[in-house]
Structures are given as structure tokens and as C-alpha cells.
Ligand SMILES: [Zn+2]
């Protein structure tokens, strides 16, 4: 008998600590498990459009959990929706992708919709804790026209995050009116930042950056802003378990035209989440999971009032964001200049969306790379163009390409328009009359060699390091 009471006690304690009830925070293991179950499986890559997600929103019309409303349309006529759920007194509004190429949180919101709709499982207590204590208003993909072309701005070429006051774009009107109608207590402003942000003073990417935006130039802290800071302290605690040292705090300079700053000013405690980079996560699927977990965690802490225990001092202890990362940083390369002189340089290579290129040169000792190579003792060599012209990149097999690299060839000429096709070849493809630039300069395609004792030891091809 005593044993069974003990076991019952253990069971109650466990379910209590795992579900966010009674002032306990929800833990990482529970959130990891929930993500595995509820991730929206039709979205697996970070580029998708309005037509990919609209059915996932519309299918919730008439659901027991959600009410779906079309708030209006974008410049090009795409519907912008609001999904409401929960019956609690604390109102929370979450909006994503006001910048069309910032899609990570939209994926996580779709996962959260699935989560909130689940029932009769291990997550019932967490789910009902959130839904009984809060009312949630989701506006996923506020800028569907930008998302259509996977670009930041809307169809007017406006940055919507500079249109909160003038509200000249329909998407801005929608967000501003959605806030005015419900006057939410909390707001989550969900963005992506570029992957080159690091946590200040470290080589770690700022995989998640946070901010409780200022509501005035003096950057004062009133109750509204303080609550946002407290929620962020709780978020940071959870995030440190996933990405130790990988959370940065955004600069809080007041931007009078931005939505976050104005939401804060209008009385909604507003939390900015910026999804950055993480090694080997080009599709941002790990960062999607971080968004899922940290948002649910924050909703749970708001639902219970747990966030009130946190101190603003701990918000200010979160290290600043910096922007000192690149894709590949090669340090201490010796270069022979035009007059035969020798000098030392570091080489910053950005892979980006286009051809990888040299983005910076000189003393780059304060910068960091996702990948780094110490090239002390190596000399830079531009590489040669192979004498033979090929009809198509497909006429070159991978072994032949490697053998060309070993002989110091960095480029081949292709006689057809197929030279512009994307290939896996580690060679720069040139037109019949094109040449490979001799010098080392900014913007140069990232194809070259590092040489020791006259022998090419490393090829840098398409921004990748290949040991020869
Ligand atoms: Zn943004």
C-alpha cells in the first residue's frame, strides 16, 4: 500500500513537472517529443509559398479548436488569415513572415497548430493549460507576395516593418488593425535574420536572437516592456539547453516606424524572435524546432504567470548580437602581388545564393567562419584554365575533374549555354572566350588553390575546401 502511494506520488510529480501545470515550466524532452509527433510533414524546406500553406489554414475552418478569419488581402490579392484559439483571459498575438523570405517561424506555427489540435495523448495537460489560460491569435505569413518570390519586401517594394505608423500597404493595415481590435497583452513578432550574426565575442552563430523592443528613444522600461523582457529570460533558459551560447540580444535602438516598437508603445508586451543560422541546417529545420519549442514554452509560462519570477537583469545579461560570421574563413595566406611582392591576408568567402565569392580581404582576425582553415605557410594561386573546350559540363566526369584540380586547373570552358547550369563539378565553368581573373580581389569567384612547396594542397572550389 505504501509503495503504491509512493508510486502515485512519483507519477503526479512527474506529470506536474512535465506539463507546465502549477507553476512548473515545460521541459525540453516533452517539447522534443511533441515536435516529432506534430511537425507539419507537408513542409520540409524553408522556401514555400502562400498556396502551400493556405490549405493548411483553410482546413481549420469549422474546427473545434480554431476559428479562422480572412483579415484582408495582400497587394496582389492573396488572403491573409487569422486563426484564433483558446478561451483564456490573457490575449497573445503571434505573426510571422512580414518579410517574405523569413519563413522559419511560419513552419513552426503550422507545427503548433497541429499540436494544439491533438488530444488524448501525453500533451493534454500542456495543451489545455495554454488553451484555458490564454486566447491565441495567429497571423501566419503576413507578406504572402514577398513569400511568392522569397524576398523581403512586399509588392510595393516596401519593408513592411517600416510601415507600422503610415500603414500605406494593406498588409500593414491588417496587422495594425488586428492589434487594435483585440489589444493583445503579448505579441510575438517572428522573423529570420541572416546567418552571419554571431553571439558577440564568440564564434557561435546567433541561432536565435531576441529583443524586447523599446517604445521610446530613451529606451525606458515600463511594465509592458518589462513583461516582454521577463518572458525572454524564460525563453533563453530553455534555448540554452538546445544551443548553449547560441542566443543573442538585438540592439534596442528605437525605430519609430517598426511594428515591434509600436506594439510595445501601444501596450502589447512584444517579443521579437529572429531565427539565424546553425551549422549544417540550410533548410532551417532544427531552428524550426527551436521556434516550436520556445514559443510553446513561452505560451505556457505566460499562461501560468511563471514568467513573473524572472528579473530584467537577466535579460540584460543575454549577450549582444554581432555580425562577424562568414561561411568560410581562410586565415594567414601568403600572396604574391603584381610586382612580385609578398603580403599576408585572410580570405572571407560567402557562399550565399549566387556563385560563392570573396567577400573580404585583409586582417580579418576579429571575424569567424562556420568553417575555418588556417593556411599559415600556404601561398595563394589563382589556378589555370584547361586548354580543351567541352561541349557540356556533363562531358566531364568527377574523376577527371579531380585530376584537373590536382594539376592546378580551376576552370574549364564550355561551348554551350549549359555552362550556366548548376553542377556538382568542383570547377568554374567559363564561356568559350572567358578567362579566369588573375588577381585576388573582392567579388572574385571562390575558385583557387593553396599551394605549399609548389604543389597545390587545397583547392577552394565553389566555396568549399577540397584536400587534394
Ligand atoms: Zn524580418
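Backbone N, Cα and C define each Cβ position, glycine as well.
The feature active site, proton donor/acceptor is assigned by TrEMBL to 255. For residue 255 (active site, proton donor/acceptor), the same-chain residues 6+ apart in sequence whose C-beta sits under 8 angstroms from its C-beta are 162, 213, 261.
What TrEMBL records for 46-290 is domain 'Peptidase M14'.
In the three-state DSSP classification, residue 255 (active site, proton donor/acceptor) falls within coil. Per-residue pLDDT, averaged along the domain 'Peptidase M14' (46-290), amounts to 97 for this model.
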